[in-house]
Amino acid sequence: MVSNEYLTHGDKDEFDPAKWSSTPGELPPRSPATNLNVLIVGAGPAGLITALECWRKGHNVVRILERSQGPVYTGDIIVIGPSAICTLRHWPEICRELDQDRSDSVMYYRRHNGELILGPTTLGYNSPEHLAQRHGLPYVAPHQVRRQFYRMLLRQVARIGLQVEYGQRVERYFEDEAAGVGGVVTADGSVRAAHLVVAADAFKTRSDLLIAGRHAPTRSSGMSVYRAALPTELALRDPAFQARWGEVVARGESHHEFWIGPGMHLGLFISPNFVAYGLSPRDKFLQPGGIEPIESWDPDVNPQEVLDVLHRIPDWDPAIEGLIRHTPPRATVHWPLLWRNLRREWTSKAGRVVQVGDAAHTTVPASISGGTLAIEDAVTLAACLQLACAGGAPGGAPLGARIYNLLRYQRVSCVQKMSFVNSENLGAADMNEVLKKDPEKVKVRFPKWLFQHDPEAYVYEKYGQAYAHLVLGTDFQNTNFPPGHDFKMWTIEEIHADILAGKKVADLLDGDWD
C-alpha cells in the first residue's frame, strides 16, 4: 500500500538543538551584537529565514512560536528564485545541502490535448548567460522539493541553538511604546514580549488587527486550484501515463509542464519519486455540488470531482485523465485563489510589530514568487535592523522596521501584478493565436528585475536614503522594480474592471517588465 504524504506532520522533538551541532567553520560569522531581542511568530520558511538572518546580523532571537503541533510538510514543489537563493550563500551547510538535493527539470508548455506549444525550455533565470553571472553562488534549481527545503531550514535553525516552540497559538498582538516592547498573548493566556515582534504567521495573522484594525478583505480571483501529489509508481499504473512519461521516469529525469486549455490550465511536475499537479479552472467551470474551495490544506476531494471539472472542456489527453483517476481518494485539496489588496503599512503604529511573508502580502501560484518574496523580506528586515540598532542600541528597531517596509512595498506590489499577466497567458481562451504569433509568449514571466535583485546589498545601498526620507522628508526612489515604471498604487477591483473591459493587463504596463 503506497502512502500519500502530501500532508505530513513531523516530530516536534526531531529538531531539538541538543541533537544538532555545527563546527565553528560551518557557521557564518556573526555581526557585532545589536542587543536587540526579537520574537518571531510562525515557523514557516519566512519565520525560519528571519531567525537565521537575525542571528547572523547580531540580534537575539528570544523565541520562535508556532501554532502547529509539529513541523508541517505541506505541499510538493516550490520555486525559490535567484534573488532568494543568493542570500543563502552565507550558510555553508545550507549551500552543501542545496547542492546535494539539487534536481533539474525541463519545462514544456502544451495544449490540453497534448499538442506541444513550447519546449524543452527553462525558466529565464537559468539561461546560460545568467548562470555565468551567478558563478560562485549557490545553484538555483528550477524547483525545490518543499519537504526537503523546509527540513534543511529546520536543521540550520537547530544548529545555531534555536528551538521552535510548537503548539503556541497567538491570539493577540500588542505593543507598549513607553516600555519599548511589542508582544503577544497565546491561547493559554501566556504573555511574551521583546523589543520587536515579527509576525510570520501567514494570512489571517492576528497582527492585522493591531496594524490595520481588521483582516484584509478577500475577493475571489475567479479561479481556484485542485492540488494533489502522489507517488510516481502509482501514476505509472495508468497505461496512458506510462506511455507518455514512462521513459522519462526510467531515465531519472524530471519534467515541469503547463497544460493549457480554454478557461483552465494544469501545472504538472513529474519526477522519479512523485508526481504533483494543480488544476486551475475559472469558476464558471466548477462542478455544481462539488467541494467548496476553502483556505485549508486538509485534503478532502475525490478524483472524480476533478475529472468532472476537467471534462467541462473536451479532448484532454488521456495521460492527464489517467493521472487524476489514479490519485488516491481524499488526497486532493481544493483551494480558492483569493486576492487581498496590498496594504502599504506592514508595521504597527509604534513600530514594535512588523509583518513578513504571507502575513504582509499573500500571493497566488501564478506569481511563482511567494517563497522568493518571503525570503527577500526576511533578509531585508534583518539587515535593516542591523543598521538601525548599530552599536548595541535596540531602540532603533522601529525605524529599521519602517525602512524595511519602505524598501519592500513597491517591489512586492509589482510582483503581485505580474501574477495577473501570467494568469492571462495560462488561461488564454484562444491558444491558436499564441501558436501563430510567438510561442515564447506563453512562457511564465520571470523578468530580470525580479531575479537579479540582491535584497541584502539593496539595504546597504538604500538605507541612508530611506532614513533621510522617513526622518527628514527628503525624496526617495526605489529601484528594485521594473525600470522606467511609474509606480502607482492599484487594487484588485481596478484590475478586474480592466479585464471585464477587454483590456489585457500586460498591455497596460509601463516601463520594462521583461
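Positions of Cβ are set from backbone N, Cα and C atoms, glycine also.
What you are looking at is a predicted structure, and each value in this text was computed from that prediction instead of being measured.
Summarising the annotation, Swiss-Prot assigns active site to ARG227 and lists similarity to another entry as the type of evidence. Neighbour list (ARG227 (active site), Cβ cut-off 8 Å, at least 6 residues apart, same chain): ALA276, TYR277, GLY278, LEU279, THR332, VAL333, TRP335.
If you look up Swiss-Prot, you'll see VAL79, ARG146, ASP358, GLY371 marked as FAD binding site, on the strength of similarity to another entry. The Cβ of GLY371 (FAD binding site) has 24 other Cβ atoms within 10 Å, all protein chains considered.
Below 8 angstroms of C-beta separation, residues 68-73, 147, 151, 154-155, 157-164, 166-167 of the same chain, each at least six residues beyond the ends of the compositional bias 'Basic and acidic residues' (8-17), sit close to that stretch. The feature compositional bias 'Basic and acidic residues' is assigned by Swiss-Prot to 8-17.
Sequence annotations record features per position, and here Swiss-Prot assigns region 'Disordered' to 1-29.
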* Asked: Over the residue list VAL79, ARG146, ASP358, GLY371, recorded for FAD, what is the maximum interresidue Cα distance in Å?
  -> 16
* To do: Show, in sequence order, which residues other than VAL79, ARG146, ASP358, GLY371 on the same chain lie with their Cβ within 8 Å of the centre of the Cβ atoms of the FAD site.
  => PRO45, GLY75, ILE78, ILE80, GLY370, THR372, ALA374
* Are there any residues in the same chain, six or more apart in sequence, whose C-beta is under 8 angstroms from the C-beta of ARG146 (FAD binding site), and if so which? -> TYR73, THR74, GLY75, ASP76, ILE77, ILE78
* **the compositional bias 'Basic and acidic residues' (8-17) - residue tally per DSSP class, helix then strand then coil** => 1 helix, 1 strand, 8 coil
* What is the total of other Cβ atoms whose distance to the Cβ of VAL79 (FAD binding site) is within 10 Å? -> 22
* To do: Give the number of CB atoms, excluding that of ASP358 (FAD binding site) itself, located within 10 Å of its CB.
  => 24
